[in-house]
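S.K.: I'd like to ask you about the structure that follows.
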Amino acid sequence: MKLKREYDELIKADAVKEIAKELGSRPLEVALPEKYIARHEEKFNMACEHILEKDPSLFPILKNNEFTLYLKETQVPNTLEDYFIRLASTILSQQISGQAAESIKARVVSLYGGAFPDYKILFEDFKDPAKCAEIAKCGLSKRKMIYLESLAVYFTEKYKDIEKLFGQKDNDEEVIESLVTNVKGIGPWSAKMFLISGLKRMDVFAPEDLGIARGFSKYLSDKPELEKELMRERKVVKKSKIKHKKYNWKIYDDDIMEKCSETFSPYRSVFMFILWRLASTNTDAMMKAEENFVKS
């Protein structure tokens, strides 16, 4: 607890220095506009309050654009079928562009009369070679056909367990383990993204994500004292999973990123969105990517 308080104090101290540098003698205002608060759901507003209390310098990133995932107007009850479609979309989008993934998904929807097939239908259709051939013609590789079938089997055979698993709280690791163990093609990163966008879990952090790593590098670039402290207090080194290519930004190891992110717990999912925004150099592209992430 003592060490965590020290990290919190360093983050806030570095933030105050940076804000003072930018604002000079102008008063600091970190209260989000009432209209902004009214449009977002309560748990997101609570997250913002917590994050800004820890680091006021993040105010502009939060204030400048709404967060689609947490808008009240986007909140709808999710069914087991919704979760299946979201995970199926994750599989379809792997290793290809967003536009290509949308095109493949649209062809699957067209094949099934205007709606993405539910898991029970796909479970039966994967037993029929002729139907499998039709699905594959939509643009799915052999590997993605295997992955999609695995997902359909998982939901069909374990739907009661899944309903219970997804309906519980504070079981993020259990959800990740179940998905990674039972569904071919779903790894830890994909499972974490589902926790955020599908189950709306608020305390997820993925240091293995390239955008998060880049945003974190920018975040720490003006916090020298915090960086020194994080480096000094390392106990267990967890190497970054990101290959060290010739990036023009510093890649930090996972343990450094995770330790720093703990300051923003239990709202690290929102901190991830902030880091994604810090990583982006194109606001319009960033907002479009967020919208696609919410829909996928």
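Note that Cβ sites are derived from N, Cα and C of the backbone, with glycine treated the same way.
What Swiss-Prot shows for this protein is this:
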MOD_RES   Ser110  phosphoserine
SITE      Trp189  site 'Determinant for substrate specificity and/or activity'
ACT_SITE  Asp209  active site, proton acceptor
S.K.: For Ser110 (phosphoserine) and Trp189 (site 'Determinant for substrate specificity and/or activity'), what Cα-Cα distance in Å is obtained after rounding to a whole number?
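M.R.: That separation, Cα to Cα, works out to 29 Å.
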S.K.: Rounded to the nearest angstrom, how far is the Cα of the residue listed as 'active site, proton acceptor' from the Cα of Trp189 (site 'Determinant for substrate specificity and/or activity')?
M.R.: 7
S.K.: What is the total of other Cβ atoms whose distance to the Cβ of Trp189 (site 'Determinant for substrate specificity and/or activity') is within 10 Å?
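M.R.: Trp189 (site 'Determinant for substrate specificity and/or activity'): 16 neighbouring Cβ atoms within 10 Å.
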S.K.: In sequence order, which residues at least six apart in the same chain have a CB under 8 Å from the CB of the residue listed as 'active site, proton acceptor'?
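M.R.: Those within reach of the residue listed as 'active site, proton acceptor', by Cβ under 8 Å and sequence separation of 6 or more, are Trp189, Met272.
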S.K.: Mind giving me a neighbour count for Ser110 (phosphoserine)? Other Cβ atoms within 10 Å of its Cβ, every protein chain shown.
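M.R.: Within a 10 Å radius of the Cβ of Ser110 (phosphoserine) lie 11 other Cβ atoms.
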S.K.: Tell me whether Trp189 (site 'Determinant for substrate specificity and/or activity') sits in a helix, a strand or coil according to DSSP.
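M.R.: Its secondary structure by DSSP: helix.
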